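Student: Let me give you the structure first, and then I'll get to my questions.
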Amino acid sequence: MTKALTGLLTSPAGTRTPPRPDQLGQQQVSMDKTSRSFGSNRPAFESFLSEMTQWFSDHQLQVDELFGHSDADGSGSVHPEDFYLGLMNLGVACQQFQLHMLTQQLKTANDTISYRDLSGQVQRLGLRDDPQNTQTSRRDQHQLLNPENGRRFVRLSVRLIPFDGAAAHPGNFEVVLLSSSRVLSLIRMIQDRVGIQTSRLEVYRSRVPTEEARLLPESLLEECGFRGGPEGTPPEDTVYYDYSLLFTDCPILNCDHYFRSMPDPAAVNSGLGL
């Protein structure tokens, strides 16, 4: 690891620091096995790539700033170990074995990783051959040769149902996604952007939240009718969402004595109290 990046990854006294390189080496065998198992689960792997694509899109400036300090020759590349530890330091939104797998897949033949346009690099990982599915492998090869035909995007206007009519509300935003993204990825993106800490969040095709309009989390956007188009001019559409919060653990709401009617002390002293 370069001295510049080592300094950036040094945490103040009393805080948790990233694992040492020797610790990472001891964990590598286990991580390799877990990574292979995870990568063979195609739906979970594609959902993970979609989430990481969005994360890198949101944090590319921080990534550039972090690795730029150790990129003396301005090549835009860093060593895989620096890449792994650097992203851990940034609080990347994935588990360690997932980051290990991502690091291995982004590594080039020169044993380096380009830290530029990481969202685009992660998107392209989804187009690689699937060795367990010949048909998927052929389709992915066609997508690599014809990226405009293979990668289709959709621009979604995401609206919080109770505030759909508001001109500007933090719960309403726009996002461009691959049409092959899963609804679950969109749900997690909404939770991250709006800061919603609940699992009871539903996405709908229409403003009226009926069961028929609900989008199943495991479904692909294109399966829900969002066909997508070129990245430069993606078709626009709208989805709606709503959520509910659970208060079962709230001591105030669970204790009815807070809401009992108490006599007025003045009335008691005057003999008017019941």
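Quick reminder: no glycine exception, Cβ is built from N, Cα and C everywhere.
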Student: I'm validating the feature mapping. Which of 1-37, 38-74 is tagged region 'Disordered' in TrEMBL?
Tutor: 1-37
Student: Based on DSSP, tally up the residues of the domain 'EF-hand' (58-93) by helix, strand and coil.
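Tutor: Computed counts for the domain 'EF-hand' (58-93) are 22 helix, 2 strand, 12 coil.
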